């Protein structure tokens, strides 16, 4: 997977004299790259000094406004979200998601003593369009022969959930069958920082893919994940990282992110600003050691963690594609 990025970069390198890209588009790319090189949070003119603030991309906003602004972003991009993911990652996000699900091995394989299993209850947070949930159910059913595992797809955004319902509308997981008399997927509109609709100690597996960086209070969401998981339950997160360890590849990646992705959003979805925010939100996300520490502070055991001489975490996550994305896991103590 790591070799895909350099080859993709060569294929996508733009010549300054190319006639394929219009002059205005080249100017737009150049402007975005200059903006990314500054990488300074923009002060908000609408926040008083007494208000608690947080970041919305590079902008500083009142904490109480971030959730609604994130909701607006994803309302705007919902219909084209999957297509844009393919274009932004050159399709590599599909490989990451497949690997993410395989690493979790969802489902309970029936034993020789029982031909059926109760299955797992999985909560997929920020799972709107349902692509992770579908992978989880496919794996449980085809690999572990588990027809009992079910997934709750939760998202703060009703438009994203609507896309998920469309995806599952013709799926056997959303209908009662002889082998699965109950629906195996359900939808919940909720903020990940307040999962009061979910009982404590009721979830076997909590997944969140490319969503937690948009949360206002990530530490609160982690505490909620800890609460709803059963003892021995697993928290699993797939998320972009703010920087690559290789400085040369990091520079190439940043040029692609800030130069091309907002432009693609403008051309394909007619929404440059939303995709500019998505790129900026990656820059503001904690590094792998910082986020692993947050998971640990929420009460989880971090598998494979290692500490350096200074006590900082040096392991406990899995980098993907040179560290463009990473998988983090935590286990709730029994």
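The backbone N, Cα and C atoms fix where each Cβ goes, glycine too.
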>> Need the matching range: TrEMBL marks region 'Disordered' on one of 11-31, 32-52, and I'd like to know which.
In response: 32-52
> What is the Cβ neighbour count of residue 129 (S-adenosyl-L-methionine binding site) at a 10 Å cut-off, with all protein chains included?
Replying inline: 25
> Over the residue list 129, 155, 191, 192, recorded for S-adenosyl-L-methionine, what is the maximum interresidue Cα distance in Å?
Replying inline: 16
